[in-house]
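Here's what Swiss-Prot has on this protein:
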type     : residues : note
TOPO_DOM : 1-13     : topological domain 'Cytoplasmic'
TRANSMEM : 14-34    : transmembrane segment
TRANSMEM : 53-73    : transmembrane segment
TOPO_DOM : 74-148   : topological domain 'Cytoplasmic'
DOMAIN   : 104-154  : domain 'DHHC'
ACT_SITE : Cys134   : active site, S-palmitoyl cysteine intermediate
TRANSMEM : 149-169  : transmembrane segment
TRANSMEM : 191-211  : transmembrane segment
TOPO_DOM : 212-765  : topological domain 'Cytoplasmic'
COMPBIAS : 301-311  : compositional bias 'Basic and acidic residues'
MOD_RES  : Ser337   : phosphoserine
MOD_RES  : Arg441   : omega-N-methylarginine
MOD_RES  : Ser606   : phosphoserine
COMPBIAS : 622-653  : compositional bias 'Low complexity'
MOD_RES  : Ser627   : phosphoserine
MOD_RES  : Ser675   : phosphoserine
MOD_RES  : Ser725   : phosphoserine
MOD_RES  : Ser743   : phosphoserine
Amino acid sequence: MPRSPGTRLKPAKYIPVATAAALLVGSSTLFFVFTCPWLTRAVSPAVPVYNGIIFLFVLANFSMATFMDPGVFPRADEDEDKEDDFRAPLYKNVDVRGIQVRMKWCATCHFYRPPRCSHCSVCDNCVEDFDHHCPWVNNCIGRRNYRYFFLFLLSLSAHMVGVVAFGLVYVLNHAEGLGAAHTTITMAVMCVAGLFFIPVIGLTGFHVVLVTRGRTTNEQVTGKFRGGVNPFTRGCCGNVEHVLCSPLAPRYVVEPPRLPLAVSLKPPFLRPELLDRAAPLKVKLSDNGLKAGLGRSKSKGSLDRLDEKPLDLGPPLPPKIEAGTFSSDLQTPRPGSAESALSVQRTSPPTPAMYKFRPAFPTGPKVPFCGPGEQVPGPDSLTLGDDSIRSLDFVSEPSLDLPDYGPGGLHAAYPPSPPLSASDAFSGALRSLSLKASSRRGGDHVALQPLRSEGGPPTPHRSIFAPHALPNRNGSLSYDSLLNPGSPGGHACPAHPAVGMAGYHSPYLHPGATGDPPRPLPRSFSPVLGPRPREPSPVRYDNLSRTIMASIQERKDREERERLLRSQADSLFGDSGVYDAPSSYSLQQASVLSEGPRGPALRYGSRDDLVAGPGFGGARNPALQTSLSSLSSSVSRAPRTSSSSLQADQASSNAPGPRPSSGSHRSPARQGLPSPPGTPHLTILRGPQSCRLHPHGPPRATALADRAEDHPQLKTPPSKLNGQSPGLARLGLATGPPGPSASPTRHTLVKKVSGVGGTTYEISV
């Protein structure tokens, strides 16, 4: 009989079945050996043939009833019906042919037993159409083996009848010699067969009745359907036909195979067509999967197949450039390169997610602010202080397409930016910027080489220090960078041919757009007049999303309204070009004239406008704006006498080389006519390293007015000069009394002022 998994072997269970098998086989064998030969000679040869066929049929049905699955239902898992085990009712009723049949919950198998199913206490299994558990076959009798059990009873009964009948014939013919061996053995077999014939015949008759009624032994004993109608009966003939001729019911429990299956595994990540040509593979199998020690030798055929059908791999990584090669390229700059005038030491700001790479922007000698038409020697001719060397220079949106980068430049590894010290970051907010304290301290001031001014037609110019290139460590894509991108190809500054324009290059331009067409050199124009409107940005807006386009359009509309307000305010409040003290006019003008997003403008103004420009911390640097507010207050309180002018001129005369012209330190958008010597002038060097104020000659008011009349298109509302408001330019270009104030006989006093972000300002008094 098939054992359920986990059950122990019980020898007592096999005693009845072993006894039945021994009696059956032993008695039949003795009958065929001692009785059948005489019956064959005396009666007929058909007697042993008949008994032999019946005996084989008995053995076959006995074996099937013993070893066949009776129809055991599999048990439910422990977690499958855990909740139903506690909350399920004990019985459930179902309709079978219109009759209510009760199903009982099995606490052992964890399911409701189907109709006519019962749990065997010996086998500990629920059996379909359970009849009884027979100890003589050591198996439950159920739906799948009841047929063979019933046939076993019938055949055994017939075999026992034949053994007893033919044995009796033999004994009657040998009555004189009952003591003979053959007669004694025949009488013993007849006793055994006759002894078990009564119960077997009775059991066979009982099951014949059950089969004809369509019942099981369990239903008959428990009294089911005793007083009612059996819903499972099919009639007498139908029931007999169902038991003997119905197809075999399926098996619900399959025992796991005892022999391990040989599974052929193929190594992963190899194409099947390559395996036939490859050498044998050495594969290690472990409990957690496939651990390959794939020592496979590559054959020529497999390599050829790989060439014909390449694997789906990504593009190969470009070769890396050695550090020495990249450093040598930086040390020997090429003309027109964006990094030609920059030092070898590189610092790169954090790269946003949308950028594929970011060119380095090293620290080192910074180029002073100059006009578009001036020529300035290389960085070797500049002498910078320690503060300017330690400071860092970050550009808001660097150019992504440098003109002279190589294939390896795209993947060059840039070192991280060195962190800023706390003294450089917050020194502007912690120090006093009064001129009284600055007069007690001296500092090294930068001596600039003589600059040469060249004339040219007035044309808009994009400087390398445009408003969109303000120092910014975020490197984000701002609206100003979209509307005011730098030269895509890195235009060279006319004043510094070796330095490329470090403006933002739009990532939406196609690769072929390498630069803008060359423009004529602009000539000097009046500082009080604004430049022409800037040319439209080369940004391709068709690649932008609707949200960005809507924000850009809204920004443009707001700029148009601000431009109209500034033009009206400019017509109402005329600029006299004189140095004025803080008054209500200055405050009103600072509040009415809001700063524009771009378009530098240099105008005369009051002291309060000094701190309004974002380049000196206006809107982008509130801490520096506060520092410069105290600076402007100190400047307004300083006595405007000839002594300050003498000291300023002395500082200009003591500088190595001839004194630079007034236009050399102005914004390219606000270049004015050459001013005669002797007029105090404020020179502002815009950059994260230094900002110096030098007095020079006074501008001619009449010439500026004539210049404004000659070029009415240049007269624009006040804007920013390198990120600063018009008030700062007014402070620097305030007119003073000519004559004795231009005497270069006294020494200058220089004040170093540190701002937020590592910006250093040197103010010469």
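Every residue gets a Cβ built from N, Cα and C, even glycine.
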Intrachain neighbours beyond the transmembrane segment (53-73), with Cβ under 8 angstroms and 6 or more residues off its ends:
1-2, 4, 17, 20-21, 24-25, 28, 32, 109, 111, 114, 117, 123, 125-130, 134, 137-146, 148-149, 151-152, 155-156, 158-159, 162, 249, 251-253
State the non-local partners of the transmembrane segment (14-34) in its own chain: residues 6+ outside its ends, Cβ under 8 Å from one of its Cβ atoms.
48, 51-52, 55, 58-59, 62, 66, 135-138, 156, 159, 163, 166-167, 181-182, 185-186, 188-189, 192-193, 196
Tally of DSSP helical, extended and coil residues in the domain 'DHHC' (104-154):
9 helix, 17 strand, 25 coil
